[in-house]
């Protein structure tokens, strides 16, 4: 039986820890979740987004631990494609207005059950993902309603460590990262990191 998880981020009740321990797939929204939500366009319409290396490390740790990671976003952006390539994220769905249909297709493709799904989103277009997930998370600066219904209310902002917090909490529940943040499983499994994995 699971017990409460006390971490340097926040305390997670035992019933949520039990759900986290079953997770096999983590799906992230992008804008406002892996980025701070700002979309900057210069006078040539070139787009800029800002990703946090700590969030990238969190995504990489999930994958190194054997979990599947996917990105599901309503906007298409080359920068998202490039970031996904850097992090070696295999499942990337962009420009998808119907997130529910896209998510259900992904679950079917990967043979993942809803009780094995964790999602992170920041705004109401992510509601369909929350509806089908065992565990949902919203960043500290996410839209109020999303934080109201999220299983986990993260303490970090989108694009500023929220994805790392969510990844760490999942890995802490699995016993792979200590409550203090030591990713001990990397040493135990002799896993090395390349600089591009952040």
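Cβ atoms here come from the backbone N, Cα and C positions, even for glycine.
Marked as Mg(2+) binding site by TrEMBL: 29, 122. With a 10 A radius on its CB, residue 122 (Mg(2+) binding site) counts 29 other CB atoms from all the protein chains.
Marked as substrate binding site by TrEMBL: 31. Sequence-distant contacts (6 or more apart, same chain, Cβ under 8 Å) of residue 31 (substrate binding site) comprise 37, 39, 49, 73, 75, 122. Residue 31 (substrate binding site) carries neither a helix nor a strand DSSP state and counts as coil.
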Secondary-structure category, per DSSP, in which residue 122 (Mg(2+) binding site) falls: coil
